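A.B. asks: What TrEMBL records for this protein is below:
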{"type": "BINDING", "residues": "A:His81, A:Asp92, A:His188", "note": "Zn(2+) 1 binding site"}
{"type": "BINDING", "residues": "A:Asp92, A:Glu126, A:His382", "note": "Zn(2+) 2 binding site"}
{"type": "DOMAIN", "residues": "A:209-308", "note": "domain 'Peptidase M20 dimerisation'"}
Number of protein chains: 2
Amino acid sequence: MPDTKPHANGERVLADLHALRALGAYKTGVHKPTFSEPHRQSLDWLVRKLPDAGLTGAIDGIGNIVGKSAKPGPKLLAGSHLESQNYAGWLDGPLGVVYALEAARVLNADPSVKGAVEVAAWVDEEGHFGSFLGSRSYVGQVGEAEIDTARDRTNGRAMRDALADMGLAGRPRIASEPGRHIGYLEAHIEQGDTLESGKLAIGVVTSIVGIWQYRITFTGEQNHAGTTRMAVRKDAGLALAKFCVAIDEQFPAACGPRTVWTTGRITLDPGAPSIIPGGAEMLFQIRDDDPSVIARLEQLLDTMADEVSARGPCTVIVEKIRTGAPAMMNAGFQDAIEAASKALAGGRSLRMPSGAGHDAQMLATVMPAGMLFVPSIGGISHHWTENTDDADIVTGAQVFVDACRRILAR
Amino acid sequence: MPDTKPHANGERVLADLHALRALGAYKTGVHKPTFSEPHRQSLDWLVRKLPDAGLTGAIDGIGNIVGKSAKPGPKLLAGSHLESQNYAGWLDGPLGVVYALEAARVLNADPSVKGAVEVAAWVDEEGHFGSFLGSRSYVGQVGEAEIDTARDRTNGRAMRDALADMGLAGRPRIASEPGRHIGYLEAHIEQGDTLESGKLAIGVVTSIVGIWQYRITFTGEQNHAGTTRMAVRKDAGLALAKFCVAIDEQFPAACGPRTVWTTGRITLDPGAPSIIPGGAEMLFQIRDDDPSVIARLEQLLDTMADEVSARGPCTVIVEKIRTGAPAMMNAGFQDAIEAASKALAGGRSLRMPSGAGHDAQMLATVMPAGMLFVPSIGGISHHWTENTDDADIVTGAQVFVDACRRILAR
């Protein structure tokens, strides 16, 4: 039978993405931090678009937007975020919001579709003020105290002040309604090079890795860099360097097939050219979707630290500062995305985990969740050169809308 | 023959040191940064003490004091500095100034001594505004442009403003007079543990090491810490850590018997926990009194950097940012200090290099120079717990004055 179902309108999707790109444009990307003027304009833009999709909604007390449908039948929540990292790309976030809007426009007006897609834009996924504040607020993980202490990491501005300037002070926050949604679906750029190198169009996300963060502190003895003989030194910076090399040598034998680990920051104390550092600190993180792998690597870290401290001359302390929350994506949703890819993307899809955190991780704590990736050119993200070909954007939108259709039909 | 020569007055030396210690006292040390109020008071204190030593002098246009004698005969210059590091010790600098003052008081008034000791306090040896500004100014190495751009490293204050506040704006700067002095002698705390561990009283300084400084830069590729597979990473921080370990492994076979090397500061770029560093930088220094050892180690550094860059995935650049200026101490002055130690310190002296830079290094570029060390308890310096026993302070003064007498007599 010929396929007579309405599909995503590629031109409309691209026009919407370009309309959002124009708000806060920076070179070929956008500078659209949370609660900046371009972000406010983008939120207003989305609120204005909701009625055409058969939805009603407004900005809530923390900056979230959830458009609701009065159509009878199952409800599928879909969305992403509208703000950006500083001086970053045009698609990270808006892609998922526009795909959700397109799915709502196509499916909500289709009488052959039971139920509707409801569209969400979660505030501050990019963490200018906190960590996934919008999606966490929706699922009940954010108390007033957290908002009270939240500050813009770039300029220290209090979130309460920013909310007041947005005219949101005192407005209630939308919370998820248990049982309302059959699930949540989010589309996002891959932010890696797997799809591009495999010449694929769609990533079917299997899981979202958890991020475990550690502060590793080395203690030696501060001393004069000229008058202290090499043999008596307790150089905390050298101890840190040796530990980094040891991690690089020992982790591969103990990690999982897709574990990643990173030392993002190193600080020596006092950090002066002519003083042997008596202290050193590294911020270290491990990502995986399997907590048993993490447990194994944490044990290895502790063993390594104990050996270093016993051997001397410096001592090492490993302190966990954040426990990861991996999220498994719903199997049925993965099947739906894969089937849609077969039908509309020539089957050019791949099941893969997400190495980056996403709002879907938070939604997954209260409902079945799924994610779809489109390719990132050069694997680049969080930079104004971030991009995806128009053809891949359009294909992604078509697969996304069809996946939503399939999920609503089950 | 009994020794009827006047010696140093230990009580007077200790009283002077305690008078200076009271200006800017911080716990058991002092907080006396260059051109702070306590520093100004200390400079005024010295100017008032000069006449009792048969000297005349005032603070010059950069903050130096050089007391001059009208007594006929050879002139021996002696001194050190009066300011301190932030929240540091009471003896680093003042010991040498007070020993010089004592030598002037004892010898200038002694008719059996031909010639005189002239006393100097060099400004900013501790480098709040620049590098050995006072002694370098005296030997002609500081132009007006350098003073124009000099700023306090703690608070950014312009040196010109500080000089104006001191009432020194427009005042001329004293310059060394070729031929006036037979040499320069400086006493200083050792700032290391060699004398203390050997239960010795006097260090006869043979040379002052040069300090060679390098900026070593690593270039990789910045990327997302979650979505970038380990196999494709170009982590500049990891490359830096490996290089530090390689230096630790390879330098000992190539260095001299007393070479020291130190990495004092490490910076990752961008330095964020969730971003693989695309850049990394280390500030590295090597100290030795033998330029041929330095040349050998520089060649080793370059070879190591070339190998890393060739092997990848990151590239390394070694940039020399400061060339060391080692200074050999005058052999005759060393003999005089050693002879004085035999006579007055039971021979408990040791010939040793200075691993720290000193004003004597700058004076050595225009006249013969010598240095004498007294023990540092625990090898501690640049900290308010810095200390030397009273007995060692007094012994040091007696040896210093006697060494000056011997040098003037040759």
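Cβ atoms are placed via backbone N, Cα and C, with glycine included.
Those TrEMBL annotations? Automatic predictions, nothing curated.
Map the listed features onto the structure and describe their local environment.
C.D. replies: Look at A:His81 (Zn(2+) 1 binding site): DSSP puts it in coil.
A sphere of 10 angstroms centred on the C-beta of A:His382 (Zn(2+) 2 binding site) encloses 22 other C-beta atoms.
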A.B. asks: Which chain neighbours of the Zn(2+) 1 site, leaving out A:His81, A:Asp92, A:His188, have a Cβ atom within 8 Å of the mean position of the site's Cβ atoms?
C.D. replies: A:Ser80, A:Leu91, A:Gly93, A:Pro94, A:Leu95, A:Gly96, A:Glu125, A:Ile189, A:His358
A.B. asks: Average the per-residue pLDDT over the domain 'Peptidase M20 dimerisation' (A:209-308) and send me the rounded value.
C.D. replies: 96
A.B. asks: Across all chains shown, how many C-beta atoms besides its own are within 10 angstroms of the C-beta of A:Glu126 (Zn(2+) 2 binding site)?
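C.D. replies: 22, counting other Cβ atoms within 10 Å of A:Glu126 (Zn(2+) 2 binding site).
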A.B. asks: Could you give the Cα-Cα distance between A:Asp92 (Zn(2+) 1 binding site) and A:His382 (Zn(2+) 2 binding site), in whole Å?
C.D. replies: 8
A.B. asks: What's the CA to CA span in angstrom from A:Glu126 (Zn(2+) 2 binding site) over to A:His188 (Zn(2+) 1 binding site)?
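C.D. replies: A Cα-Cα distance of 13 Å.
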A.B. asks: Looking only at Cβ atoms, how many others are within 10 Å of the one on A:His81 (Zn(2+) 1 binding site)?
C.D. replies: 29
A.B. asks: Can you name the binding-site residues among A:His81, A:Asp92, A:Glu126, A:His188, A:His382 whose Cβ is less than 8 Å from some Cβ in chain B?
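C.D. replies: From A:His81, A:Asp92, A:Glu126, A:His188, A:His382, the ones near chain B are A:His382.
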A.B. asks: Around the Zn(2+) 2 site formed by A:Asp92, A:Glu126, A:His382, which additional residues qualify by having Cβ within 8 Å of the site's Cβ center?
C.D. replies: A:Ser84, A:Gln85, A:Ala88, A:Gly89, A:Gly93, A:Ser381, A:Glu386
